[in-house]
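Worksheet: the structure to be examined is printed underneath.
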Amino acid sequence: MLFKSVLLSTLIAVQALAENSAHQEIVTVTKTTHISNPCLENYAKKLLPNNPTGLTTGIPIVIVYAPQQPDNQVKQSESLQPTQSSKAQQQQQIQGSSVPASIHDTPTPTDHTKITVTSTTICNQKVCTVKTFSTIISHSESPTTTTTTKQNEEKSIADTKSFTHKALPSSNGAVTLKTTSVKTALTTTSTVFSATSLPSTTYTPSTSVSLVSTTKKNPVSSQSVVSTTKTISINTSLITDAVTITKEATTLPNSKHSSIFTNGSISFISTSANKVKSTVTSDISNNSQNGSSLSLTSTINQLASITNSTLTTITKPTSLVPDFSYTNSSRVSSTMRNSSEESSMVLEKSSSKLLSSTSFLNSSSIASTTESSELASATTSDSSLNHSSSSSVELSSSLSSEADSSSSSESVETGSSDETASNYSGDLFKAIDTNAPPTVFARSEIPLTIPAGVDNNGKPIGTNKFYTNLLLGNQDFMVYPLPYGLYWSKTSYYGFAVQHNNVSDRVFGSINTNNKGVASYYFNPTNNAELIFSATSFSKDSMHMKVSQMAELSALVTLSSSSNDESNYLDIPLVQGMGFVTGIYNGNLTPLLNSLFGVKDLSLETSDALLSNVLKYRATLLNNVQWLIYVTLPDKDTDFKLEVEDFYNLKGSKPVDGLIIQVAIAPEDNDNDKYYDAAAGMYVTGATVSGSVSQGTAASYKFSYTTAGKSSSNNPIVFALPHHMDSLTGSALDALTGITVTSTTKGEMTGFLTNELEFSETINQDVEFLPWTENMTGSLTYTKDQLELLASAANKELAANIAATVKNMNSNYFSGKVLDKYAQILLVVSEIIQDEEVTKDALNAMKDAFKVFTQNKQYYPLMYDTKFGGVTSTSAQDGDPNADFGSAYYNDHDFHYGYFIHAAAIVGYVDKKLGGTWAQSNKDWVNSLVRDASNPSADDTYFPVSRMFDWFSGHSWATGLFVTYKNIESSSESLHFAAAIKLWGKVVGDQSMEARGGLMISIMARSFNMYFYYKSDNTVEPKQILPNKVSGIFFENKVDYTTFFGTPADHPEYVHGIHMLPITPSSSLVRKTSYVQEEWKDQIAGFIDNVDSGWTGILRLNQALFDPKSSYEFFASNNWDDKWLDNGQSRTWSLAFAAGALNAS
């Protein structure tokens, strides 16, 4: 009876809708929706609300009921990762008078994501509108059931506007998305050509592999340092107790706040309209009852006039009462303890408002500065602190406004925002600077010839972009805007070739590996021209290519018969994520489509769902792969058609100025043609990246596609990568098509009918300079014994002439690593050991070392390249582009510069806490490195936008101007760059840069764990390579478990360690505990005992991310040997990192 009631209710609803129009009929198609018996009635009521039971319409309805199945047997009808099967031949036939039925497709197995589709079709005569709900279930989660909403009355022409709503998450990880309305209609198929016999020979793709050369220099080195004798060192005997470091203790002074007090130090800032001289005396009574009362007397004499003001009493907020813990050679340090006592501040009013606000932040000295039209500097004298009790201390200091401009006690405002980093809201892509780079970078050109026809209209040219191969050599290497691969075909057939990627075509192999029986690589065959955009006038001797409009995510290829033909040309826009490959024929070109494989069948498909000026063809190649070909005419033209000349040539019947030809691999399910139909005629011409952040943590970014042409949906079709799907938001949530296309090395891409893809991410603000792992639950704490060992290691490692050491290194990569190593030692001395005297000595040494580079006196000075627009190495000016790791030709810039920027951030941070302005004084030089590798805005015309980081791919491409496929060998050094600009932005007050670095880290956390780091449950990469645990070199079209400097057969530590170094607080944001532990267990544990070099320390510090106890024991061993350290790694930092992680876990 229950089943009968549901059936009757269904019939009632159909009749009610049918009566709205004499010609309108409703067809509801539900694909493989599994529901249990108890919910059947509720399900029907949701579909047909407000309809009484028992009413009969007489219209036959078929309801297919599937009994409840075990969870592991429930399968979905469509998949975001379909297997590669032959295309269905049956065309969709929807007619108003047909009997609707529930269609159950053959289940498709999937590893990554499943999709179930429930669709409702509204038909009027020949034209139907399909509304669809799609449920995406990531990572093989259990499916959920989705339902249609009440249908709006539709006219025969589909309403194509999108419906804005957020994703609907469920408890099992599914997200329900709604597609844009699209039209479908009766499709009539007519055969244009069908082969009755096959050619005697057919094209077979090459599966030969090109081995990676492993002759590059090892990036881990143990070059000797220039030693020196230090007169100042940490007195370990004065370390008497443990230390705990709070977040407040590492907060930088903010120039918009005027008073600073932490760790027993005071920085007092007064505000005036003019320069002033200041004298401040302070006294904290030993008899203070609550430990938080502070008396200050301040007399300020203005230059032009005198204004007296007395600060009579400040009672410090008791949540920041110093809790003194230990002494060392130069100061009494403190940490902050909580108290419930209240605070108050009493100020005597004066004619000038001298204090705007009070805050208590971390400082290591007493400083006095004045905000005015010009900033006056102040010099801090040494402070004497006598530890009397936990709540009282005597302190006196004298401050003078006379200061050396280079003194570490200078204090000046940096940054332009009134907001602190923690609550910054605004643009993520503000220009860093729009002025020319400093003149210290000599103007010159790298000795690389740009081919004729490459012209970016005076704008900087991206050197690490997907289109770079079109600028190099013979210009015939493939490019991968994704999901398709393309190349300039200059032999046999002449034009621009297109190929798709098929899982079944991947080539796996194993060579020079430590994992016997496991594939060490896979790749996709190249230069397989399934279709070639050409024209009858193109030939070997009469074809010219131009490359122009090169931007962050796009470029334009133009083919013509000669370089001076400005009237007859073929434009092919290349845009990352483009759903069609599009050719626009201009002038008197007769279109020609070639195929290396050959065409077996060509059919014309007509439908009222297509625009009247659009022709749709389906071409089946001799390899049984089907392609959709859409021809859009400027006006409806009944005379134009595609004709088959032979197996390998499809020719347009005549030239048409403005003709558009678009091709796409046909969907696995022919029913999904409707989305390509809805997008046909519109194509993407470019894309930009924009984004914003709210309150410092909630970030969003989006790809906005520019379009040309017209489609029935008023939208183009674009594709997103797997790492995009989990963070997708905005209007794209309503634009899912269910179409998937296989990428080269990044799994399945998903199609959307939209001109905008928007994503949301959360920025982690807790991770900054000091040690952090995701397992740390407590405060950063160090025992007395650990501090003594840290101090001993620091004393030994700081006995070096840092400037002399880095000056003579024959690579900016190595010198940058060494500079960063000493910066981290400085950080430990300043923040953990807290020895002020040694901190100042090390800080001055670091400043001297930086002068080598800011004055451009290193082994390979830097220059500004006026040809491509960038700050790059002069190492190739003598003819060797491979010197300095190829840096001159823009290889590894983020790796190299990340070390300098990170070191500068630490130096600036420590110096700023001491009241100095080193960061401000050197900001232009450091920012030039940031701008070169990561310029965020086209407003900065001296550098290309985002040279290294590919916002679409979710990671950087290291390879610069070398004829090969884009690749990245060290994911961790790319991460280090993002962390560096985040910290540098924090130090100089550039909140946009700081947040942008944080966003890059969040994006990499997604992409790295899908494409580079392989847990056993990874569902994006092929299962054949997962036991390797790491990608090795990740190319655009290949994953190769090796390195450029050695193979895992001999040195497995190379391929694993290059994705670890350097270990910093940001490492654990990306290298998740579960992954690191699995990699160690399955791989590293098997060879770690055989590693006896600088790689040992890298692997062991990585161990701290999941096993800090063993890591610390290694670095604290009595049998310690410095040979286990790379030049870029110190024992001091390694001990601090491992101990901090151990004690707080």
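Even glycines carry a Cβ here, placed using N, Cα and C.
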- Looking at Swiss-Prot, His896, Glu969, Glu973 are annotated for (1,3-beta-D-glucosyl)n. Which of Tyr822, Tyr1014, Tyr1054 sits in that same site? Tyr1054
- Correct range for region 'Disordered' (source Swiss-Prot, candidates 199-219, 325-345): 325-345
- Checking Asn290, Asn588 against Swiss-Prot, the one recorded as N-linked glycosylation site is Asn290
- Note on the structure: argmin Cα dist to Glu973 (active site) over the recorded positions Asn235, Asn423, Asn775, Asp892 returns Asp892
- Note on the structure: Here the glycosylation sites are Asn423, Asn502; the one whose Cβ sees the most other Cβ atoms within 10 Å is Asn502
- Item | Secondary-structure category, per DSSP, in which Glu973 (active site) falls | helix
- Note on the structure: Comparing the Cα of Asn502 (N-linked glycosylation site) with the Cα atoms of the recorded positions Asn423, Asn775, Asp892, the shortest distance belongs to Asp892
- Query: By CA distance, which of the recorded positions (Asn423, Asn775, Asp892, Glu969) lies nearest to Asn235 (N-linked glycosylation site)?
  - Reply: Asn775
- Could you state the CA-to-CA distance between Asn423 (N-linked glycosylation site) and Glu969 (active site) to the nearest Å? 35
- Averaged pLDDT, computed only over the residues in the region '(alpha/beta)6 barrel subdomain' (777-1145): 97
